[in-house]
Amino acid sequence: MLDLSPEVIILVLVVIMALSFDFINGFHDTANAIATSVSTRALSPRTAVILASCFNLVGALTYTGVAKTIGGKITDPFKLENGLVVVLAALTAAILWNLITWWFGIPSSSSHAIIGGVAGAAVGAAGFGSINMEGFVEIVKALIISPIVAFVVGFIVIKIVSAVVANMNYHKTNRNFRMMQVLSASWQSFSHGANDAQKTMGVITLALLSGGFLVQEPGEFTIPLWVKLSAALAMALGTSFGGWRIIKTMGGKIMKIKPISGFSADLSSALIITIFTTLKLPVSTTHVITSSILGVGASQKLNAVKWGVAGRIVVTWIITLPVTGLLAAACYVVYDVFL
C-alpha cells in the first residue's frame, strides 16, 4: 500500500504548490523577457511566447547555484523543525501575492515573494533565530544592487549604441535592431529561466531535506534530477501561456520603446541576470529588466520615462518582501493548527 502518512501528504502538497508557483512565475514573468520585442514588433506575441518558453526551459536546466542559495542560505534545512509546513506556508503566501499582482497588471517580483515567504514562514515557526542572517542579508543585497546596476548599464549601453549608429540610415537601423532583438530576447529568456526556475528547485529540495525525504550530509545541497526537470518544465509551460496584462505595462507604459532602445534594455538586463546567476545569487528579473528600461529611457531624456507608472511599480516592489513575509508567517500559524 502507498504510504499516506501526514508527512507524505504535506510533501505532495508542497511539490504541487511549488510547481504551481513555477508555472505562475512562467506566465507572470514571461512579459519581462519579451515585452520590448513585442512592443517594437520585432516579434509577434505568439512567436515571442514560443521563443521564451524554449529558452526558459534550456536556462532552467543549465545552472543550480541559485537553487542552493535559496534552499540553504535563508534557513538551515537540517535544523528546521516542521520544515514541510514552513515551505507550504511560504509557497501559499508567494502564490497569493503573485496572483494578486498579476490580476492588477502590476509587475511585482516572484523572487521577492518566495524569498519573503520562506523567511516569514521560518520566523513564524521558530522565531528570528531560525534565519541565517549572513545568507539572508547577502540575498537581500543582491536584490537591491542588481536593479541599480541594471539601470546604470542600460544608461551606458544605449549611449554607446546610439553613438555607433548615429550616422546610419534610420529605417535600416530600426530593421536591423528588430532582428537583433530576437537574439537579445532569446538571451533574456534563457537568463530568466536560469535564475527564476532555480528558486523553485531550491524550495522543493529544502522541503525534501527538512522533511527527511532526502538524505544528505549537513552542508550538502544537491538538487535531485527529477526536481530539476519538473521545475524547468513547469516554468516553460507557464511561459507558454504568457502574461499579456504585464506586457502592456512593461512594453509601453513605462516609456515609448523603439528597436534600438529595446535591444539595449534587453542586452543590459540579460547580461546582469547572467552575471548574478553565475555568482549563485538570486535576483528579481522584473526589477532588473524594468530598471534597464528606465536606464535606457533616462539616458535619452528624463521626461521620456513615465515616472508615475515607474513609481507605482517601485512601491509594489518595496512592499512585496515584508508583505509576503507576514502573510507566510500567518499561513504557518494556521497550517500548524490544522496539519
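Cβ atoms are placed via backbone N, Cα and C, with glycine included.
TrEMBL lists 7-28 (among others) with the feature transmembrane segment. Within its own chain, the transmembrane segment (7-28) is flanked in space by residues 53, 56, 84-85, 87-88, 91-92, 94-95, 98-99, 101-102, 110, 114, 196-197, 199-200, 203-204, 207-208, 211-213, 230-231, 234-243, 246, 339, which lie at least six positions past its ends and keep a Cβ under 8 Å from the stretch.
Positions annotated as transmembrane segment by TrEMBL: 48-71 (among others). Long-range neighbours of the transmembrane segment (48-71) within the same chain, counting only residues 6 or more positions beyond its ends whose Cβ lies under 8 Å from a Cβ of the stretch, are 26, 30, 33-34, 37-38, 77, 114-115, 118, 135, 139, 182, 185-187, 189-199, 201-203, 205-206, 209, 221, 223, 228-229, 231-233, 235-237, 239-242, 277-282.
The transmembrane segment feature in TrEMBL is assigned to 83-105 (among others). Through the fold, the transmembrane segment (83-105) approaches residues 7, 10-11, 13-14, 17-18, 20-21, 24-25, 27-28, 75, 77, 113-114, 116-118, 120-122, 124-125, 203, 206-207, 209-211, 243, 245-246, 248-249, 316, 320, 323-325, 327-329, 331-332, 335-336, 339 of its own chain, all at least 6 residues removed from its boundaries and within a Cβ separation under 8 Å.
Under the heading transmembrane segment, TrEMBL lists 111-131 (among others).
Taken from TrEMBL, the feature transmembrane segment applies to 143-166 (among others).
Look at TrEMBL and you will find 225-247 (among others) tagged as transmembrane segment.
Sequence-distant neighbours of the transmembrane segment (259-279) (same chain, 6+ residues past either end, Cβ-Cβ under 8 Å): 36-37, 39-40, 42, 63, 65-66, 142, 146, 149-150, 153-154, 157-158, 161-162, 165, 173-175, 177-178, 180-181, 184-185, 187-188, 190-192, 194-195, 198, 285, 288-289, 291-293, 295-297, 300. Summarising the annotation, TrEMBL assigns transmembrane segment to 259-279 (among others).
Per TrEMBL, transmembrane segment is recorded for 314-335 (among others).
Away from its own ends, the transmembrane segment (314-335) comes close to residues 85-86, 88-90, 92-94, 96-97, 101, 106-109, 112-121, 123-125, 140, 143, 284, 286-287 of its chain (Cβ-Cβ under 8 Å, at least six residues beyond either end). Long-range neighbours of the transmembrane segment (143-166) within the same chain, counting only residues 6 or more positions beyond its ends whose Cβ lies under 8 Å from a Cβ of the stretch, are 111-112, 115, 173, 260-261, 263-265, 267-269, 271-273, 276, 281-284, 287-296, 298-300, 321.
Beyond the ends of the transmembrane segment (111-131), by six or more residues, the same chain brings 21, 70, 74-76, 79-82, 85-87, 89-94, 97-98, 139-140, 143, 195-196, 199-200, 203, 206, 282-287, 317, 320-333, 336 to within a C-beta distance below 8 angstroms of the stretch.
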